[in-house]
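Some features that Swiss-Prot has for this protein:
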- Gly109, Thr110, His111, Gly112, Lys113, Thr114, Thr115: ATP binding site (BINDING)
Amino acid sequence: MNKFFLIGIGGISMSAIALILKNHGHIVEGSDMQESITTRMLREKGINVYIGHDENHIKGDEIVIFTAAIPKDNPELVKAKRLGLKVYERAEFLGMLMKDYKNVIAVSGTHGKTTTTSMIGYILKKALLNPTVLVGAFVKQLGGNFCIGSSEYLVVEACEYVDSFLNFNPSIGVILNIDNDHLDYFKDIESIKDSFRKFALKIPQNGFIVANLDDENVYSVASYLKQNVIYFSTKTKADFWADNITSCNGYYEFDVVNKDFKHLCHIKLNIPGFHNVYNSLAAFSVAYTLGIDKNTIKEAIFEFCGASRRLEKLGKIDGIVLYDDYAHHPTEIEATLRTLKKLAKEKVIVIFQPHTFSRLKSLMEGFVKSLSLADKVIVTDVYAAREKNVYGVSSKDLYEKLKKAGVDCEYIDQFEKIAEYVLNTAQKGDIVATIGAGDVNKCIELILDKSPVKS
């Protein structure tokens, strides 16, 4: 039995690690900057959580785990290093945990990791393979942001930021897509592709890689690999491809066909959006290659009802439907808005909170283009996350560019005022959606609290 201290324990991934360690019989505690539903839940599970960071929290007998978002001058991290304690970055520690599992399925990609990881986890669970699953969101069908199973299968998200996934040693890899992101760390798209190439090369010869044939960047990485690469596509013949794709109000169904043109099964999705055709094809490809019965896969995908903050319907007031989505990249925003436009009876009103100054600066034109799909955009202040604003950019710059592009938009800096504005302007049949990876979803809570009418 060891004692662990997690700096940033309230994070979605760190809280899952904390609970896994607790389940394995270790003593676990940690700290976070603010109280949250997660920190309260951890205390209920018997994990001590400090609010705020203080060097006195470190006693000298702990193994310390921290996230990439923790600054180097964090007092707990500084003291742990000064005392010579074992200190691990989150991804590094996860890589060590993986050694305990026979089959590690690591899902990578700029977009869609959480949904695809959750879907694969649920398929394996339905197939009675008793997987351990670690995801970046709450998933109803997994009972949380993780589930503990046997040491046969571990399903985990693999993030490229600061090359985190290069700490992993998966036996099965998934590459959903490769896009410009995290440009505070990566120099350009070529350096991002190089990181994914290194990730793919970690897959052993007796494993396999599932890759998106329709993504040019993915194909340029996968086509040079000597490992077993299994391609999926919605556009052309592949190992697994979607044929006869149809949709009704934003919900898709399709036939899965293999490279020999054999019809395997018909998939019907219970989560909206064309992007989920890709996510479900990737999940199908992994599960079918593992030997899981196609009907079990089909049933699991149909039953899968999504992850928190992924086009999540949060309520309805007087005919106005409220959604929240984690999209924080132009490609994701475009996919989300195209889906919401199909779901909406009237207007789509977006409350957008940019996530990090560096992303806003580097992808500004992409944000303008993608947000232009909305009927109305309310821009609020940047969620800084790990950053200080050394980029000379703000949400007001985005607001001005949207106005110049002819987008109906407002800049409102306080969530309370946003809630009041929405309640005064939204009409029956409209969809109101918070979009962003920060805390913009609090606006929905305020709208629901302030609304005199519930429906």
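From the backbone N, Cα and C atoms, a Cβ is placed for every residue, glycine too.
If you take the C-beta of Thr115 (ATP binding site) and look for same-chain residues 6 or more apart in sequence within under 8 angstroms, you find Ile271, Asn276, Asn279, Gly306, Ala307, Arg310. Sequence-distant neighbours of Gly112 (ATP binding site) (same chain, 6+ apart, CB under 8 A from its CB) are Leu176, Asn177, His275, Tyr278, Asn279, Ala282. When the binding-site residues His111, Lys113 are scored by other C-beta atoms within 10 Å, Lys113 scores highest.
In this view, Thr110 (ATP binding site) is surrounded by 23 other Cβ atoms within 10 Å of its Cβ, with every protein chain counted.
Long-range Cβ neighbours of Thr114 (ATP binding site) (same chain, at least 6 residues apart, Cβ-Cβ under 8 Å): Val135, Gly136, Ala137, Glu157, Ala307, Arg310, Tyr326.
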